[in-house]
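Report on the following structure.
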Amino acid sequence: MAGRPHLRYGAGPWHLAAVLGALALAGYAVFLVSDAPALPRIALWFAGAVVLHDLLLFPLYTVADRALGRVSASVSLRNHLRVPVLASGLLLLLFLPGIAEHGSGTYLAATGQTQEPFAERWLLLTAGFFAASGLVFAVRVLKRRARARRSGGPARSRPRPGRGAARGGSG
Amino acid sequence: MLGMMRPPNPFRPGTWRSPLRGPWLTSVLAVVLLVTLPIVTITGLLSYSAYGPQFGQAIPADVGWLRLPPFDWPTDPAWLYRLTQGLHVILGLMLVPVVLAKLWSVLPKLFTWPPFRSPAQALERFTLLLLVGGVLFEIVTGVLNIQYDYVFGFSFYTAHYYGAWVFLAGFVSHVALKLPRMTRALRSRSLRAELRTSRAETRPEPADPDGLVSPDPEPATLSRRGALGIVAGGTLLVGTLTVGQTIGGAARHTALLLPRGRDLGTGPNDFQVNRTAAAAGIEATQVGPEWTLELLGGPEPVRLSRAGLAALPGHAATLPIACVEGWSTTQHWAGVRLRDLAELAGVHDPASAHVRSLQRGGAFNQATLQANQVLHADSLLALRVNGADLSLDHGFPARVIVPALPGVHNTKWVRSIEFRRA
């Protein structure tokens with residue numbers, strides 16, 4: 001049994017064909033670019049992108065999310081913080097060169113302008129995200145309290161919607 | 001042996017506690033990327049074709065078999081490159097949240113221990129490096145390039161082009177190997193039911209052979225509906241903040257964080273500049289009254305002053321300029337038809353035209369146009385825009401404007417045009 005080739009390989013011939021095809025295509029692309037003097041730099045950026053994502057960005061946002069979980073009093077509050085943080089972080093990640101005014105020389109040569117407005121715009125957008133999320137959160141909390149008052153008890157003991165008791169409570 | 005020496009933390013399955021990770025969620029994100037990433041890839045390859053690889057002016061020049069079959073880039077519709085390149089850049093940016101979410105959903109797999117149990121797994125993991133490295137490399141280089149931040153220090157075109165093929169190798173094999181698993185996982189739950197499931201009712205998916213589902217899940221702090229909503233919201237946010245650079249007009253202002261979302265004023269020449277005259281090293285003396293246009297390729301060179309050009313039968317056309325960075329701007333151009341200039345030069349049936357700029361250095365101080373681009377009725381050597389003379393930054397005394405041609409090949413500060421026969 002162990003002598004049969006696909007058992008030693010660990011998968012069927014289709015798997016081997018797909019994997020070898022990919023390696024051949026990628027190898028050919030690397031071969032074509034192999035005379036470029038910048039190849040080591042390109043390879044460094046290729047590997048660096050993976051390392052930075054997997055070993056820096058991912059742990060960073062995981063730790064940040066756990067910290068957020070510890071400081072926020074409720075899951076609802078946590079999510080109302082998560083969303084603006086994610087929105088703001090996404091924009092920072094994508095538009096960092098403009099926000100941090102990096103590459104200003106080439107930027108000026110290409111456009112005839114400076115990157116001056118971007119940091120302020122990003123901060124305003126971020127403030128907008130937090131304000132909007134905070135507003136929604138406040139409305140939800142007030143609604144929950146109002147419901148709790150109407151049903152005469154704390155929010156969590158309110159009857160489940162859609163049941164007879166809920167209709168009775170609001171009637 | 002390796003299995004007995006499992007390293008700490010991320011390599012232990014118990015570390016991964018999100019109740020949302022599972023084959024269904026991963027597959028939903030996967031199917032979105034399966035449909036959209038090929039669009040980004042093909043529009044990117046089309047951009048290479050649009051640069052005129054048959055004249056050796058697409059970058060990188062020699063790509064062997066790694067290109068679409070040769071064809072002449074069309075001139076109709078005039079907004080073709082605006083559409084394909086706008087799609088490439090804006091869709092590419094919009095997919096960043098989806099790619100990040102997809103990677104989040106499968107990250108425990110990076111830390112499986114032992115790293116592989118068979119040659120098949122080892123090889124497949126290497127192709128995943130091509131896929132993940134490829135997609136991240138393309139995102140990083142593309143995002144930096146559209147913001148003119150060349151911190152990477154290599155040719156963007158070369159790296160982004162070959163990076164795309166490495167990505168494509170990883171992508172195609174990954175799809176080939178995982179498609180059955182993806183369809184099975186998608187059928188395992190109803191999207192409609194999932195979109196109606198609240199956070200309180202969210203339970204982990206059943207344990208899967210791939211180990212995506214946490215063996216020790218925490219209570220859900222987010223429903224799957226919420227998680228998908230956050231990803232979709234991120235995608236919409238990026239789309240809203242970028243599409244304006246392609247659509248232009250009033251929508252341009254919505255591209256708040258992009259170089260091409262800015263207003264330059266209300267004058268006839270107050271639209272987006274790509275490379276200023278100062279950056280191109282154009283001096284006032286070069287474009288003064290002594291400037292002449294040289295038409296080559298006929299029996300003998302023909303020289304025309306700007307007044308001489310302006311006295312020729314003119315033509316006007318409203319045409320977009322669309323750049324490789326995905327932005328575009330539509331303006332009303334007036335000047336002389338390129339095909340009329342070919343006649344004047346004495347070349348009645350040009351196979352191509354080679355345009356040179358006064359700009360001395362730079363990769364785009366010259367461009368070769370295909371026959372269809374020279375002969376199109378709206379292909380112009382423009383002298384004026386929106387009723388005024390071109391400004392120096394927009395190519396005074398004369399610039400090329402051709403329908404559906406990538407922006408940088410609409411040569412500015414034209415010095416000579418050589419019409420070539422077949």
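Cβ atoms here come from the backbone N, Cα and C positions, even for glycine.
The compositional bias 'Basic and acidic residues' annotation in TrEMBL covers B:195-206. Annotated domain 'Oxidoreductase molybdopterin-binding' per TrEMBL: B:290-420, in sequence order. The region 'Disordered' annotation in TrEMBL covers B:195-218. Look at TrEMBL and you will find B:21-46, B:87-107, B:128-148, B:160-179 tagged as transmembrane segment.
Highlighted: of the candidate stretches B:87-107, B:128-148, B:160-179, B:87-107 has the greatest count of Cβ pairs under 8 Å to the transmembrane segment (B:21-46). Taking Cβ pairs closer than 8 Å, the transmembrane segment (B:160-179) reaches residues 30, 34, 37, 41, 44-45, 48, 59-60, 63, 66, 124, 127-135, 137-138, 141-142, 145 in its own chain, all 6 or more past its ends. In the predicted model, the domain 'Oxidoreductase molybdopterin-binding' (B:290-420) shows an average pLDDT of 97.
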